[in-house]
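Beneath this line is the structure, given in structure tokens, with notes to follow.
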Amino acid sequence: MLTAEEKAAVTAFWGKVKVDEVGGEALGRLLVVYPWTQRFFESFGDLSTADAVMNNPKVKAHGKKVLDSFSNGMKHLDDLKGTFAALSELHCDKLHVDPENFKLLGNVLVVVLARHFGKEFTPELQADYQKVVTGVANALAHRYH
């Protein structure tokens, strides 16, 4: 998946990420760009407009929770399937989330990182993070296979 150099790069960069800001924005953008994903968050209240989604405190809080889990995965890049096994089971067996949504969220996360960090988020770092989000999405989808 990742070389030692790539792991070092993504891990060092992740230390700069403000999980609460980036998580809320990433989940919010997922819900705006891919509105069918909103069906999993009906209890979050008003998701009727982009502004409502992006300013919804429940979206922000859950986005932080998602990125807290992602942060844990960043500490276990060699065992993503093991790290995300319980979440895979939850999302498959109880929540019935389409595993394609994990890929969508990963791609949105990469967009948000690029937006927040600009030139510091180099093409090489983007490529490395694309590998990470793909690995996390595959780990979360593991229970479905």
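Glycine is treated like the rest: Cβ placed from N, Cα and C.
Per Swiss-Prot, the feature heme b binding site maps to His62, His91. According to Swiss-Prot, the domain 'Globin' annotation covers 1-145, on the basis of sequence analysis. Sequence annotations record features per position, and here Swiss-Prot assigns phosphothreonine to Thr11 based on similarity to another entry. Residues or ranges marked as phosphoserine by Swiss-Prot on the basis of similarity to another entry: Ser43. Annotated N6-acetyllysine per Swiss-Prot: Lys58, Lys81, in sequence order. Taken from Swiss-Prot, the feature S-nitrosocysteine covers Cys92.
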Summary of DSSP states over the domain 'Globin' (1-145), given as helix, strand and coil counts: 116 helix, 0 strand, 29 coil
Cα-Cα separation of Thr11 (phosphothreonine) and Lys81 (N6-acetyllysine), in Å? 18
Recorded positions near Ser43 (phosphoserine) (Cα-Cα within 10 Å), from Lys58, His62, Lys81, Cys92: Lys58
Among the recorded positions listed here, Lys58, His62, Lys81, which has the most company in the form of other Cβ atoms within 10 Å of its Cβ? His62
Spatial neighbour of Cys92 (S-nitrosocysteine) that is closest, considering only the recorded positions Lys58, His62, Lys81 and their CA atoms: Lys81
One should report the C-alpha separation between Lys81 (N6-acetyllysine) and His62 (heme b binding site), rounded to whole angstrom, as 22
